[in-house]
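Peer 1: Below is the structure I would like to discuss, written out as structure tokens.
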């Protein structure tokens with residue numbers, strides 16, 4: 001019997017597998033039993049109703065996708081009225097992902113979501129800060145710090161800060177989030193990218209730029225997750241290109257406590273329960289009794305002493 | 001065909017509510033499944049050319065897949081073709097559900113990376129098909145004369161509606177529009193299903209809007225339509241919107257869009273629609289989850 005449970009700050013998960021925000025919806029309840037998940041992370045909402053970007057919103061590459069969705073939102077009233085009751089029928093902790101245009105608005109929305117059914121709030125800081133010339137909050141350590149602190153103070157709920165890989169100083173941003181009271185770092189999110197159709201000369205997504213996600217991004221996001229895990233004491237939740245139990249285990253070995261599965265849900269809607277089953281099978285096969293023992297269990301290669309080797 | 005993952009298996013019947021006896025057969029079939037969408041591993045029965053551009057794919061189907069209703073679709077994992085590797089699945093509307101032989105059929109035009117990959121499937125191969133998904137057609141109770149107005153590949157989407165409407169006691173008229181007579185497909189299938197079939201083509205100069213409009217008016221004067229449907233052409237959409245509006249007839253359209261997930265999660269497949277049937281304000285709706293079948297009035301032409 002393998003203990004698959006993990007602890008993310010004040011929230012305990014039955015297993016370390018959850019969807020990445022924006023890659024999951026109530027439609028998946030028609031495919032598998034949502035009670036199998038470690039947590040349920042909903043699509044990012046804003047307080048107000050937003051339409052999002054014009055189509056086309058998606059392009060694909062060999063092993064990745066370019067999405068330019070633009071955070072369409074039905075607003076927080078709809079979320080509290082419809083989305084929260086829907087997921088409250090299921091056992092896994094409900095994690096609400098939010099976005100806002102300013103630090104104050106992040107705090108106000110977090111306060112509005114301080115209801116018993118929501119276990120934690122994920123701060124999607126990849127959106128532009130309208131009070132800082134549109135620079136994304138997550139690109140800036142101070143702005144991320146202020147967002148997390150405002151959410152903590154106004155809501156009292158645990159805050160998970162979701163990093164953007166577009167930040168050159170992502171480790172500094174993660175440390176700032178920790179210092180502001182975040183209970184977890186989620187690393188990471190889509191990488192800013194673009195593509196042009198050489199037949200039509202038009203950008204492949206109408207918004208010109210979008211975020212690249214999917215299997216191809218895993219090595220880059222894994223590196224960033226490792227760096228964050230090295231730098232902070234709070235749990236890191238790995239996210240980026242996970243398509244199998246082996247991918248998930250890599251993130252755990254790199255220092256992550258849990259993982260989010262994103263784009264692969266589109267390609268293989270049953271992948272999350274499959275990963276949980278395979279993770280359990282892996283632990284049984286390797287005689288690992290607690291999945292949390294995998295966190296940070298990567299072992300470095302032995303140092304090579306050329307002088308010593310030459311002397312043999 | 002079988003479900004791929006044990007976690008995606010058919011439901012425990014004990015979870016089904018049996019206090020909803022009054023619902024329609026299709027609806028009852030859905031209620032028997034706690035998980036009405038499956039990742040189906042379907043054995044390919046055949047995959048033949050029907051003309052120079054289109055192929056007809058027949059696969060074995062599980063009870064979950066056989067519950068597909070007209071207008072619903074499957075999200076197909078397409079094999080890699082000639083260096084092109086489709087990463088995302090491709091939505092494909094159901095052409096026919098053959099419950100007698102436990103098969104689901106698709107009719108598709110070979111054009112992009114996905115359909116070129118599908119064209120490579122041979123009998124005995126396995127097709128990975130997620131579904132059925134989407135909202136299908138809602139034929140009103142008591143409909144007496146249903147119009148199917150299709151251009152090109154749009155026919156594949158409307159075809160299952162013919163048998164469905166005939167079974168419910170309606171007369172069905174199918175107007176099939178194509179570039180030339182050799183590309184008119186399924187006339188026999190639709191006639192077998194009990195539909196009156198009229199082909200109009202560019203080659204014969206009968207597919208233009210004026211001619212089709214006059215044709216619809218003439219049929220309507222003889223036997224009034226009370227439900228009209230279309231798929232596959234912006235021109236025909238605008239024609240049918242005007243026709244339905246003039247005569248006060250309800251109607252629906254099946255729409256296409258590039259998709260990410262087909263489960264309403266990713267919001268990639270949105271198109272603009274009127275907020276209400278009479279509104280001048282538009283809002284984005286998901287073709288995969290809010291559709292792919294929409295009301296004629298909420299739909300905006302493109």
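Counting starts with 1 at the first residue shown.
Any Cβ shown, glycine's included, is placed from N, Cα and C.
Automatic, uncurated: that is what TrEMBL annotation is.
For reference, TrEMBL lists these features for the protein:
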ACT_SITE  A:127  active site, nucleophile
BINDING   A:21, A:43, A:44, A:124, A:162, A:214, A:240, A:241, A:262, A:263  FMN binding site
BINDING   A:43, A:124  substrate binding site
DOMAIN    A:4-280  domain 'Dihydroorotate dehydrogenase catalytic'
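Neighbours and distances for these, please.
Peer 2: Annotation for residue A:127 (active site, nucleophile): spatial neighbours A:71, A:99, A:100, A:101, A:136, A:137, criterion Cβ-Cβ under 8 Å with sequence separation of six or more.
A strand conformation is recorded for residue A:162 (FMN binding site) in the three-state DSSP classification.
When secondary structure is read from DSSP and collapsed to three states, residue A:124 (substrate binding site) falls in the strand class. Note on residue A:124 (substrate binding site): other Cβ atoms within 10 Å of its Cβ, all shown chains, come to 27.
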Peer 1: Under 8 Å, Cβ to Cβ, against chain B: pull out the ones among the binding-site residues A:21, A:43, A:44 that qualify, in sequence order.
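Peer 2: Only A:43 pass the 8 Å Cβ test.
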Peer 1: List the binding-site residues among A:162, A:240, A:262 whose C-alpha is within 10 Å of the C-alpha of residue A:124 (substrate binding site), in sequence order, or say none.
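Peer 2: Passing the 10 Å Cα cut: A:162.
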Peer 1: Among the binding-site residues listed here, A:43, A:162, which has the most company in the form of other Cβ atoms within 10 Å of its Cβ?
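Peer 2: Of A:43, A:162, the one with the most crowded Cβ is A:162.
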Peer 1: What is the one among the binding-site residues A:21, A:44 whose Cβ has the most other Cβ atoms less than or equal to 10 Å away?
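Peer 2: Counting Cβ neighbours within 10 Å, the top one is A:21.
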Peer 1: Using C-alpha atoms only, work out the spacing between residue A:262 (FMN binding site) and residue A:43 (substrate binding site) and round it to an integer in Å.
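Peer 2: Answer for this pair: 11 Å between alpha carbons.
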Peer 1: Tell me the Cβ contacts of residue A:240 (FMN binding site) under 8 Å, same chain only and six or more apart in sequence, or just say none.
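Peer 2: In sequence order, the residues whose Cβ lies under 8 Å from that of residue A:240 (FMN binding site) (at least 6 apart) are A:165, A:187, A:188, A:213, A:217, A:218, A:220, A:221, A:222, A:224, A:225, A:262.
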Peer 1: Using a 10 Å cut-off, grab the number of neighbouring Cβ atoms around the Cβ of residue A:262 (FMN binding site), all chains included.
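Peer 2: Other Cβ atoms within 10 Å of residue A:262 (FMN binding site): 28.
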Peer 1: How long is the line from the C-alpha of residue A:21 (FMN binding site) to the C-alpha of residue A:43 (substrate binding site), rounded to the nearest angstrom?
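Peer 2: Per the Cα atoms, residue A:21 (FMN binding site) and residue A:43 (substrate binding site) stand 5 Å apart.
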Peer 1: How big is the FMN site in terms of the longest C-alpha to C-alpha distance among A:21, A:43, A:44, A:124, A:162, A:214, A:240, A:241, A:262, A:263, in angstrom?
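Peer 2: Between the most distant Cα atoms of the FMN site, 19 Å.
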